[in-house]
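In what follows, a structure is listed as structure tokens, so that the remarks can point back to it.
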Amino acid sequence: MTTIAVVGSGSWGTALGMVLADNGHDVRMWARRADQIEEMNTKKTNEKYLPEVTLPETMSGFTSLEEAVQPVEVVVLAVPVKAIREETKKLLEVSNRPLTIIHVSKGIEPGTQKRVSEMIEEEANGHANLHSVVVLSGPSHAEEVSRRQPTTVTVSSTNLESAQYAQDLFMNQNFRVYTHSDLVGVELGGALKNIIALVCGVTNGLGYGDNTKAAIMTRGLAEITRMGVKLGADPLTFSGLSGLGDLIVTCTSVHSRNFRAGRLIGQGLSLDDVLEQMGMAVEGVRTTQAAFEMANRFEVEMPITSAIYHVLFNGIKPEDAAGELMGRVKKHEEEKLTD
Ligand SMILES: NC(=O)C1=CN([C@@H]2O[C@H](COP(=O)(O)OP(=O)(O)OC[C@H]3O[C@@H](n4cnc5c(N)ncnc54)[C@H](O)[C@@H]3O)[C@@H](O)[C@H]2O)C=CC1
Ligand SMILES: O=C(CO)COP(=O)(O)O
């Protein structure tokens, strides 16, 4: 039995806390809202984020980060990417032990174009309390994980032992965990697929069908792979759970927030109205901005990312963006990925 803190009690943090509790671990959930923690402790529910799910008895909630984190050496960091730096800093301040941070967030930071593990390392800045950083990623909607439906994910770290440690903590009969050595590829796949899911949602909102969705998913995977290879990832990683696997689930599931947000945009709602209506993390929006910057910086062709960027931030109509994508100059499908 290991004592583990989960920082962030939204849908994903709560579902992963349940997996850990099912495995016999003592799970200490942290959230900012006192009423949410009260509900988790007394009613054993988290209705806003995981309706109709009962939390295990061995999961307890804390509003004090210090109290949640003090006894632990491993933390699951489950906040939106925009909160990663702030929470990492606070976490390392209140902890007095060397921490293994298992992050589960999928996105890239606009402005810096950093992956989440890079943001954590940067905030730690050689802090003695950071032992290692692991990413957990793959096709895994919280709604299904919390109902103990068979799910597979990947963990990766520059420290293989830490990845194996995370694998042992999470692995059970319903939650199968693979290790992977390509940290860059695993993080990029999880982040960039959110952009493609947004676009699939937009095409759905425009009334287009499965041909269009398959086209966006396939050509989306091509541009994710192109960027990944440019940044040193193994192209094969993008055919794995954190690449193709997560792309499939996010572009086709009713649970996907990115898909649903995209659909509303395709139906003509403004980005602000969509984000207000969603009320949950829609990571693909900020990651579109970051990926657009990366495409320019590294001179990587990412036409789908560019199209959704102009829809989200430059007022281009979705149907006009679709027309532009279809009207691009003719191409050969196969391409050489290495320079
Ligand atoms: N929901 C899912 O099925 C999955 C989500 N993820 C990733 O997990 C990450 C978190 O997503 P969800 O849990 O789904 O989001 P959510 O919207 O359900 O919950 C986010 C939680 O973070 C808290 N939060 C927001 N800003 C914060 C801040 N500045 N400081 C501290 N806490 C803050 C919110 O109060 C909320 O409790 C995202 O990067 C997402 O891509 C990954 C796999 C599956
Ligand atoms: O990453 C996810 C599933 O693997 C969750 O996707 P959404 O954030 O679009 O709901």
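Using the three backbone atoms N, Cα and C, a Cβ is placed for every residue, glycine included.
Sequence annotations record features per position, and here TrEMBL assigns domain 'Glycerol-3-phosphate dehydrogenase NAD-dependent N-terminal' to 4-162. Residues or ranges marked as NADPH binding site in TrEMBL: S11, W12, R32, R33, Y49, K106, A142, R257, E283. TrEMBL lists K106, G138, S140, K193, D246, S256, R257, N258 with the feature sn-glycerol 3-phosphate binding site. According to TrEMBL, the feature domain 'Glycerol-3-phosphate dehydrogenase NAD-dependent C-terminal' maps to 182-321. Among the features that TrEMBL reports, active site, proton acceptor is placed at K193.
Checking the binding-site residues S11, R32, Y49, A142, K193, R257 against ligand 2 with a 6 Å cutoff on the Cβ atom leaves R257, in sequence order. Using E283 (NADPH binding site) as the reference Cα, a 10 A cut-off selects none from the binding-site residues G138, S140, D246, S256. Scoring each of the binding-site residues (R32, K106, K193, R257) by how many neighbouring Cβ atoms lie within 10 Å, the top position goes to K193. Here N258 (sn-glycerol 3-phosphate binding site) is positioned 14 angstrom away from S11 (NADPH binding site), judged by their C-alpha atoms. With a cut-off of under 6 Å between the Cβ and any atom of ligand 1, the binding-site residues S11, G138, S140, D246, R257 reduce to S11, S140. Residue counts for the domain 'Glycerol-3-phosphate dehydrogenase NAD-dependent C-terminal' (182-321) under DSSP, split into helix (H, G, I), strand (E, B) and coil, are 109 helix, 0 strand, 31 coil. For S140 (sn-glycerol 3-phosphate binding site), the Cβ neighbour count at a 10 Å cut-off comes to 24, with all displayed protein chains included. Each of the binding-site residues D246, E283 was assessed for Cβ neighbours inside 10 Å, and the highest tally belongs to D246. The record assigns K106, G138, S140, K193, D246, S256, R257, N258 to the sn-glycerol 3-phosphate binding site, and the maximum Cα to Cα distance across that set is 16 Å.
Farthest C-alpha pair in the NADPH-binding residues S11, W12, R32, R33, Y49, K106, A142, R257, E283: 23 Å apart. Mean pLDDT of the predicted structure over the domain 'Glycerol-3-phosphate dehydrogenase NAD-dependent N-terminal' (4-162): 96. Nearest to S256 (sn-glycerol 3-phosphate binding site) in space, judged by Cα atoms and limited to the binding-site residues R32, Y49, A142, is A142.
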